[in-house]
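Accompanying notes for the structure given below.
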Amino acid sequence: MVRFSTELDRPAASSLPNVGDFGGSRESPGRKHADGPGLSVITSNESSTFLGEGTVISPPDITSPPGAGETPKRAGSFPLSPKTRSRGWSLRRNMFNRNMDDASQAARGSIPFDAITNSDKTSGSDKKRDHIVTVSPRIEEFEIDDSQASFKKGKGLQGLSALPEYDSWVRERARHNAYLRRIRAGYHKLRKIILRIQEIPPSVDGRYIELDASRKKALTDERTGRFYIGNTIRSTRYTLWSFLPRQLFAQFSKLANFYFLCISILQMIPNLSTTGTYTTIIPLLFFVALSMGKEGYDDFRRYKLDKTENNRDADVLHAYQPVEASEVHSQGASNPVAPIHWAKKKWHDLQVGDIVKLDRDDPAPADLVLLHSDGPNNIAYIETMALDGETNLKGKQATTEVAKRCDSLERIAACRAEFVVEDPNLDLYNFEGRVLIAGEAAPLTNNEIIYRGSVLRNTPQAIGMVIYTGEECKIRMNANKNPRIKAPALQSIVNKVVIVIAVFVVLLAIFNTVAYQIWSADKEQKSWYLQSAKVAFFPILASFIVMFNTLLPLSLYVSLEIVKVAQMFLMNDVDMYDPVSNTPFEARTSTINEELGQISYIFSDKTGTLTDNSMKFRKLSVAGTAWIHDLDLRDDKGKKKLIHKKRNKGKKPMKKGRVSEADTRKSGLSAFNADRLVEDEAMEDSQWRSSTRPKQSQQELKTEHMIRYIQVKPHTIFARKARLFLLSIAICHTCLPERKEDGSMEFQASSPDELALVKAAQELGFLLINRDAGTMTLKYTPSPDGIDDGLTETFQILDVIEFSSKRKRMSITVRFPDGRICLFCKGADSVVMQRLRHARLANEKVVEIEKRANKRKSLEAHIAMARKSEQIERQNSFSMAGAGRASVSLSRPSIGGLTMGRPSTSARLPSIRDELDGWLRERENDVEVSQTLNNSAYYSPRASAQLSRASMSMSMSELRNSMQWEDYEDLVDEALAVDEPAVIERTFQHINDFATDGLRTLLYGYRFIDDEDYASWHKIYLDATTSLVGRQDKIEKAGELIEQELELAGATAIEDKLQQGVPESIDKLRRANIKLWMLTGDKRETAINIGHSCRLIKDYSTVVVLDHEAGEVEQNIAAALLSLNGGGIAHMVVVIDGQTLAMVEAGNVRNLFYDLAILADSVVCCRASPSQKAGLVKTIRKRVKKSITLAIGDGANDIAMIQEAHVGIGITGKEGLQAARTSDYSIAQFRFLTKLLLVHGRWNYIRTCKYTVGTFWKESLFYLTQALYQRWNGYTGTSLYESWSLSMFNTLFTSLPVIFIGVFEKDLLPSTLLAVPELYTKGQRNGGFNFKIYLGWIFMAASEAMVVFFVMLSIYGDALFTLDNSLFAMGDMTFTACVIIISTKMQLLEMHNKSIVAAISIFLEVGGWFLWNMILAKIYTNNVIYFVRDAFFSRFGRNPLWWLTLILILSAVVIFEIAVASLRAGLWPTDVDTFQALEQDLEIRKRFEEAAATELQQGWDRGKKKSSMEIARDEAEQEAREGQVQEMLDNRPEQLEDQVKPGMRRGTSFGSTRDVPGQGVPRRSTDIERMLHRGFGSVRREHES
């Protein structure tokens, strides 16, 4: 359930003093209700399985506290339930209970859940296990299978007894890993010795820092004996000393670079190389230097950013001589004895002990202990969003004694306090220290510490003393100090291929060397002209290695850098541009472009990444009627959304008669047969849509109508209740108003929730205009007649009982202008509900609401599991086949009809379209059981009318949108406003529905108090606030006394506004088989709320909460693993907090936890420090083999995980640009991640794979001909090719084809990839480049090399009568054939989106090769071995046989390529083949565009082409004109018929053509001809033009 505060268990009514029942009588604290919801549900020997979802388990603490004399005893709890979003008496809410020890297992009465049954089952095993289970309500309409688990009351699951073999497995693994651990420990020890790394020992009793403003000398760190480190921070990866060695290691860790280094060494040995001495080492050094320079430049940019931050100014207090406190008191604060002033100091010059001043909105330059604040009660409000992601401001307050002695600059300079703080550490959420002042000690906690990265808000000024500097600050301790050098995962596969090629080169060289030795013994020694020409074994072997080394070309990496840089620029997509912030997509690296197409895990921050850092008041419920507040959405009115790409009108199809829209929809082809333009969602009726249920229509009335009703009928019961409720919203808060220069009001609030509430009260007519220590002034809405400007009233603030994480509520007592005293209370509905006057009735109604919600969610879970099973089992349809692999394929007859153009194509297309449309809709729409009809009774204005008139709910939208009301009687049912049971039921039903919509709910109550009762209570409260011992506890107990017998005022729902398109993006990423983890520093309940809102957690999800305070973490992990492995869970999400994660990491269940996390659908980690975020990313990166991780965030607390992940994405959001500056890529909105991954990421992966495998293929094709030729030259190493041409093969003649396919290839359209995210899994499976694909391409290269060589040799080389069949002529033919084949295959056969780029590539490469031949024939001089001079013009160039042989070679290879490709597509079609065929149909393309319209909208808005709607509008206008002509002809007098017909036969009455508006060419009048043919004769064909 989505709540404003915690999801705590509602305390039992019996535990609350003075809680009245429905009749108004009070009960004693010890009294127990026989049927109240505060009683226990315990089953003995119980087992229950919910709709095949495995064991349905929930916490047992739906219990009342133990009675007098009872000892609290925790029952075994399982926070594992598929009904995790139960409303009201929420089962999931119990998982947040931090007081679980108060629960009792003693026998008590049962909650009246009529669906709970007891059964005694045993498992199939002979060994029985004892368990305790609290069973959720069973829905009677569904059959429950309870055969999968057996639980008995008693011992419960102890530790990991659920997995009895786990302990032995852990011990066995630890024994095997002991040797490795010793080796690892020895390595680290040796490394520390070599690098002279010395660990800093801990201090004896912390760090002692004396408060002294006159200090001139820096303090000494007792741990090192040196000064404390400076305040300089460094986020660069390298220093001047480490850059060269680290980069050399990184560059030559690439096996290809190391391979070329070895080859270059061989080449530089004299008399070994046949291809030159420096032809490898020089380009290798150039390429390595280029890569190193690129890394150095990126690091230099980070250095400049660090320098900018280190050089910021800070104000430091300087006192030029010691000032004693006695002197200050004697001379007065206004006459100091020493000059004191604020000096400017650079951040990097700050030292431990400096006293620093922070003005409003200033960031903290270091970790500070607070000395003084100008805020109320010496409180400084701090924003820690950059550290933990929380948007709520935190109140920091100096200790009482420090605040008293540091209330002025003079007293600060005179104060001699001594602060003792802990050693620097990573923990952001705990702090230990003390302050010694005047002989007294006071503790220091997080409440007195301001960490670096925090920002002072809503406070004029604060003063603090530096306690940690530079890299010892908490935020820097959590940073990744030595970020790894990122390399693409594809490089590991390439490295393996490099090893294979290197081994093949060596084997090929050895084979040729041995063959030479055999040939030499047989031929060379017998040939007189070869005497003394024998070459030794090693030189000939080395020469062959050098000759064949280019099977792995150096250009592979050089050209790959060019390809990736070009890809980086092509990713600047207008669809990833944010016009609001004027922020485009920015790529800061090109090294890992292809990894964007292989992501399998996304680790996302919450605040600023998924959310928009803003709260919006959205709904309210008052007097049993729900209202929606959507004034902020009115600005979107008028925006139109295209659902199809703009196109030229093209040729108009022949009309086949008019088809109604109803008939079109009935046929199921509305997505294909209708081109339409839809307005944005906010335009339909200018109202809000739920992010969790976007298709669910909103049933609430609008708040503007409510205000109008109150103004028109101010004296009705509803109007009085509504005004009191709005008054409670305007009063019950701690916000401070500020009047701006333009006269408008601005509010300073400690939390965005309160700010949203106060602004909503202002919009609804209750404006807070002033607030001081004791009064609050409100200005009301003007009267309906508009005579005055509104009424102003002042309320006296008596007491404020502030919100706390334990109370989960706040209260305020005020005195009305008429003298009455009223208490207003707001908080979590589970807490405030127990303090209502009708608490018992409310509990009963909530139980009924829970049953209805559980029924719906159970059905949804059942449908989700059934759908998952159908998707796995379905074969001949668009279905998912196999785990982790998206096999989206049509049956083969469909593919054949689409691709081969058979006669059945037109007949098959409609069925294919229907099948595709159904397949897409099944995946686009999540499981959702509509509850509109069931809950409509709780939303109609008049409950009595609903019972007698079912049509009332159908008129809701008309009533809601009507702006002219003559009769207000049907708007609000005044009889309902006085019916307390109905109001309570409807209010809690509204709260349930608000929470289901992903909103954070608050419940309001009020109570008028007599002066006498207030005076007696106020004395107790005053004693509590002034107590020196246990002040907070006493204040909470005093609040409990007065927060009773409340009247229900109403409920509010606040939207933690998500960024636009976040839920839709998460849905598509999930369909792409990408798991999303949310890692946040925010509170658990807030994280779960956002998880529901963004659809990370579904309504039917099983949420497993691991909480070390609740205990039984091991038990819950084991139970969850068993449930997952049993296949009975539809969707599971694991929730863990930072402290529990730290315990898990240090315990023996670490591996078990990560097994659960990997198997679960998602993980939410709350209260996580930056180092814990990075640790999770690192663990998954190393633990899940072949997985590519992506981390995305917008704050400084996300930098560590961004650097640790394979791919780091920075959001240029409201938390600043820290994350964006250190990321690999930056975007402005989370929704842009969808297109970045699914389109550009996949394209880059496919491009890089095709470039890589294409490069290997062309090298094998070319150089295997060289190897084949060795048999005909005695294996002497003679080259078939002329040396100058050979050296230019990769650079000039074959580089563009592979580069262009690596830059411009688009195997599928963007709309297809976005509409079918399942296609993304190709990169996750390494489906673009692997050993299987590599071997297939090498097979083709070897086959084609033999075709090229042997056709050349047999037809041209062995020809008897020819002009020139010398070595150069044969080599030049082979060379020419290879150049043309490479260009043809890469640009025409392999590239799917052929364009002018392919023609340019072929022209440049083939034309350049022939130009090279011409130039070489004219300038060649060394005409000894190769007869090059004038050969192309005078000898083989004039030989027809040479050209005929070349044509035969090219024809044979192209036919072979086409035959193999056709055979593969026919026998083993891939998903890409299927959708490439589907894209050929215009209507299917439109269906894909419809599904991808959100992501492609900005690109479609540009350009001059017409949208589908505009084309349809033109056609409709033309059809209307033709209809008018038809009507005129139908209504003409009969005597004109004979006159018209002859004219028509002569073709003179109507021209053969006529202009159509919107078209540039005249259109034939064939439609009018058909109309005339029906009744007035036909037009003669010979007159048509």
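Residue 1 is the first one shown; counting continues down the chain.
Placement of Cβ uses the backbone N, Cα and C atoms for every residue, glycine included.
Counted within 10 Å of its Cβ, the other Cβ atoms near D605 (active site, 4-aspartylphosphate intermediate) come to 30, all protein chains included. The annotation active site, 4-aspartylphosphate intermediate is assigned in TrEMBL to D605.
If you take the C-beta of R1167 (ATP binding site) and look for same-chain residues 6 or more apart in sequence within under 8 angstroms, you find D388, Y429, G1081, D1082, K1083, R1084, D1137, G1138, Q1139. What TrEMBL lists as ATP binding site is D605, K606, T607, E754, F803, K826, R1000, T1080, G1081, D1082, R1167, K1173, N1197, D1198.
What TrEMBL records for D605, T607, D1194, D1198 is Mg(2+) binding site.
What TrEMBL records for 1-10 (among others) is compositional bias 'Basic and acidic residues'.
Taken from TrEMBL, the feature compositional bias 'Polar residues' covers 41-50 (among others).
Per TrEMBL, compositional bias 'Polar residues' is recorded for 688-700 (among others).
Sequence annotations record features per position, and here TrEMBL assigns compositional bias 'Basic and acidic residues' to 1507-1540 (among others).
According to TrEMBL, the domain 'P-type ATPase N-terminal' annotation covers 225-281.
Confidence annotation: the domain 'P-type ATPase C-terminal' (1220-1470) carries a mean pLDDT of 92 in the model. The domain 'P-type ATPase C-terminal' feature in TrEMBL is assigned to 1220-1470.
The region 'Disordered' annotation in TrEMBL covers 1-87 (among others).
Here TrEMBL flags 642-665 (among others) as region 'Disordered'.
The region 'Disordered' annotation in TrEMBL covers 681-700 (among others).
Feature annotation from TrEMBL assigns region 'Disordered' to 1499-1585 (among others).
The transmembrane segment annotation in TrEMBL covers 493-516 (among others). Panel annotation: around the transmembrane segment (493-516), residues 254-256, 259, 535, 537, 540-541, 544-545, 547-549, 551-552, 1252, 1256, 1267, 1270-1271, 1274-1277, 1326, 1329-1331, 1334 of the same chain, lying at least six beyond its termini, place a Cβ under 8 Å from a Cβ of the stretch.
Summarising the annotation, TrEMBL assigns transmembrane segment to 536-560 (among others).
The transmembrane segment annotation in TrEMBL covers 1334-1355 (among others). Within its own chain, the transmembrane segment (1334-1355) has Cβ neighbours under 8 Å at 497, 1253-1254, 1256-1258, 1260-1262, 1264-1265, 1268-1269, 1272, 1370, 1373-1374, 1377-1378, 1381, 1441, 1444-1445, 1448-1449, 1452-1453, 1456-1457, 1460, counting only residues six or more beyond its boundaries.
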Going by Cα-Cα distance, which of the recorded positions (D605, D1194, D1198) sits nearest to F803 (ATP binding site)?
D605
Counting only other Cβ atoms and using a 10 Å cut-off, which of the binding-site residues T607, N1197 scores lowest?
T607
Cα distance (Å, whole number) from D605 (active site, 4-aspartylphosphate intermediate) to R1000 (ATP binding site):
20
Given the binding-site residues D1194, D1198, and counting only Cβ atoms in the protein chains shown, which has the most within 10 Å of its Cβ?
D1198
Specify the count of other C-beta atoms within 10 Å of the C-beta of F803 (ATP binding site).
20
Between all pairs in D605, K606, T607, E754, F803, K826, R1000, T1080, G1081, D1082, R1167, K1173, N1197, D1198 (listed as ATP binders), what's the biggest Cα distance, rounded to the nearest Å?
34
Quick one, of the binding-site residues R1000, G1081, which Cβ has the fewest other Cβ within 10 Å?
R1000
How long is the line from the C-alpha of T607 (ATP binding site) to the C-alpha of D1194 (Mg(2+) binding site), rounded to the nearest angstrom?
8
For the domain 'P-type ATPase N-terminal' (225-281), residues assigned helix / strand / coil by DSSP:
24 helix, 2 strand, 31 coil
